[in-house]
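Notes to accompany the following structure.
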């Protein structure tokens, strides 16, 4: 019964519109798969959802770990996409394409790249609207970066997209360049594929074929459908004004910060890009990683303002369905795809367990 419950939840989940926005009432696109598809009951997200069911049993009993790590000596530096050289950009995009060709070692279908979307659509869905939103995604980026290195010879770090540089016209950002970016909007002359999106036909990721959209097995192209209210082809940048970011970073408590980062910075881009980006399997679109790296960077900036306090500040409810207050001993779960770890290990990006900066 629990698995069916999680399936139903995952199928219905969409990124929540910002309160008071034009999208608040019924603004999320519905799934309209046009490719051939079958239910996923044969084993795809069932694996991750069963993992959630089992893992939730020990969710609230932290390990009480006292493991400490010395500060890293030479932290890697994550950089903004535009600051990378052409060869560095190609190193990243080719590694992503490579990962989408490596058979999964976690489930019988798809690739390791698909595994990340399944992970996010399963366990990751329970980390939204909760304290674990930022630390869970922080470590997911590290695991993704490690996979790119180990399987595909990636030599850099996951870059971030600073959308404040593009807030006046997000859809025209160089991140969507077809030559050295992520490709642009979906083909407006094509048919709708998933999530109100159409196939991306330009850029390095035009050939990717993810296998899942939410809980439905549907091999499809990467789909996007830029929309700002009634205007197709646009993405609202109102929430990405530099002054808006500054206001969020001035929040004094972690509870306030994580809530506003998710609602006002995370969700609007998912709603504006649409397609794959609209669902909990948003990691189908490589844009997911540079978007979340920017969110992680903002958390890092907030922590650096008062490191003695904020490198240990973790409050709220640990996961979406948790009761009680979150603690640093709470576990970030990855269902065997990566090591389950206490939150404390990822609070400091230069704490030894992690070793990077921005």
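Note that Cβ sites are derived from N, Cα and C of the backbone, with glycine treated the same way.
Computed from a predicted structure; not experimentally measured.
Which of 37-57, 58-78 counts as transmembrane segment depends on Swiss-Prot, and there it is 37-57. Secondary structure at residue 91 (N-linked glycosylation site), taken from DSSP and collapsed to helix, strand or coil, is helix.
Looking only at the binding-site residues 128, 137, 266, 270, 292, the one with its C-alpha closest to residue 325 (N-linked glycosylation site) is 128. Residue 270 (Cu cation B binding site) sits 13 Å from residue 128 (Cu cation A binding site), taking the Cα positions as reference. Candidate glycosylation sites: 91, 109, 325. Fewest other C-beta atoms within 10 angstroms, 325.
You'll find the Cα of residue 137 (Cu cation A binding site) roughly 7 Å from the Cα of residue 292 (Cu cation B binding site).
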